[in-house]
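Okay, so here's the structure we're looking at.
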Amino acid sequence: MSILKTLQEPNPILRETAEPVKPENGSFLHLKNLCTDMRQTMKVLNGIGIAASQVGESKRIFLVDKQSFLDIDLPSDIFINPKLIKKSFKRVVGEEGCLSVRGIFGTVKRALAVTVEAYDLNNKKFRLSGKGLLARVLQHETDHLEGKLFIDRADPDSLHVYIKEENDE
Ligand code: NI
């Protein structure tokens, strides 16, 4: 297991449209190790989601932090080739940050609820519906796969710098 380097805006890899994962291409072991390292990296950096492009792999994979959603029975924390198949009309504003835009936060209007279809590490298809914070994370991470960052969608007046002080929790 290792902690991976997270690319920072304006790294061009963050702006690429990520490639679909094809099970017949590349090794399963590489995919498994990549996901393990991404999970570890997300935890160390206190992220609630991470996309493969953020660690330099332009692939359609993201992970969601299970610990942040203990009340939800996530079928998998690994989302391979995910697709947003449903989005509520109702949208809500909420604050976001990103491991690739370190120290910047801002508010983004997103669908209140979404349904995602994806594959887990065993290539089993699953469907997950979420609302609130989970829906927000699923949309934020799906955006990464299209080379979009939350700062593109954020209300420009809301963007602000927050540097964590040593005496913060
Ligand atoms: Ni992000």
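Including glycine, each Cβ sits where the backbone N, Cα and C put it.
Here GLU141 (active site) comes close to GLY49, ILE50, ALA51, PHE62, VAL64, PHE79, PRO82: these same-chain residues lie at least six apart in sequence, with C-beta atoms under 8 angstroms from its C-beta. In three-state terms derived from DSSP, GLU141 (active site) belongs to a helical segment. Look at TrEMBL and you will find GLU141 tagged as active site.
Within 10 Å of the Cβ of HIS140 (Fe cation binding site) there are 23 other Cβ atoms, across all protein chains. The Fe cation binding site annotation in TrEMBL covers CYS98, HIS140, HIS144.
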